[in-house]
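As written in Swiss-Prot, here are the features:
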BINDING   Gly15, Ser16, Gly17, Lys18, Gly19, Thr20, Arg126, Val135, Tyr136, Thr199  GTP binding site
REGION    35-64  region 'NMPbind'
BINDING   Thr36, Arg41, Lys62, Leu63, Val64, Gly89, Phe90, Pro91, Arg92, Gln96, Arg159, Arg170  AMP binding site
REGION    125-162  region 'LID'
Amino acid sequence: MFTKIFRAVIIGAPGSGKGTISELICKNHGCVHISTGDILRQNIIKNTELGKKAKQYIAEGKLVPDAIVTKTMLARITEVGNRSYILDGFPRNIAQAEALAAREQIDAVITLDVPHSVIIDRVKNRWIHAPSGRVYNIGFKNPKVPGKDDVTGEPLMQREDDKPHVVAKRLELYDEVMSPVIAWYEKKGLVATFKGKQTKEIWPMMELFLNDRINA
């Protein structure tokens, strides 16, 4: 458990493992995982107005418009209140980073450096339980029963945006969009970068970093 409030942003390309890393951090340290993608997908499943707007952008491998994401994420942060959290998928541009900085003091920006070729291969093995957003990675985080969610026993599925041609497009867009954001945070001395091909390689280094930060 974190002994003091710890608020971090995690940045990584789609399929880099940032969702899994975020879940591990929160499971081991008692924080809230706030995922832009999960929030948007939940709205798509529920067919809300936000979900209808987001569905087409995600299916085409495009980013959901800035105004929609900013409003949604700041509202969720407000709900979390005075608790530690990991922001996954936000901010994704300088304007969002500035909007976040005006509201919150971020303690660290965690970046995951995973080769794109590894990511494209990895998404072939990623399955989700759509209603909850739980993610399984065959070969690392396997479901107890193949093709079934551990909690509900309901069928798992692959995301529309995990198809190889969509992933390749998203990776190109990620590099273009996120490089300025990482540079912005680097100037503030907040960035910690972790390189590796698999989550199991990155996680031990992550734990050392987190333990150093919370005990500082």
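From the backbone N, Cα and C atoms, a Cβ is placed for every residue, glycine too.
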From binding-site residues Val64, Phe90, Arg159, the one whose Cα lies nearest Tyr136 (GTP binding site): Arg159
Cα distance (Å, whole number) from Gly15 (GTP binding site) to Thr36 (AMP binding site): 14
Rounded Cα separation (Å) that holds between Phe90 (AMP binding site) and Gly19 (GTP binding site): 12
Distal contacts, the region 'LID' (125-162) - CB-CB under 8 A, six or more residues away: 14-15, 17, 19-20, 23, 35, 38, 41-42, 45, 58-59, 61, 170, 198-200
Local confidence of the region 'NMPbind' (35-64) - pLDDT mean: 84
Among Phe90, Tyr136, which are binding-site residues, the residue with the most C-beta atoms within 10 angstroms of its C-beta: Phe90
Per-state residue totals over the region 'NMPbind' (35-64) - DSSP helix, strand, coil: 21 helix, 1 strand, 8 coil
Under 8 Å by Cβ from Arg159 (AMP binding site), same chain, sequence gap 6 or more: Arg41, Arg126, Ile128
Arg92 (AMP binding site) and Gly19 (GTP binding site), distance between Cα atoms, whole Å: 15
DSSP state at Tyr136 (GTP binding site), helix/strand/coil: strand
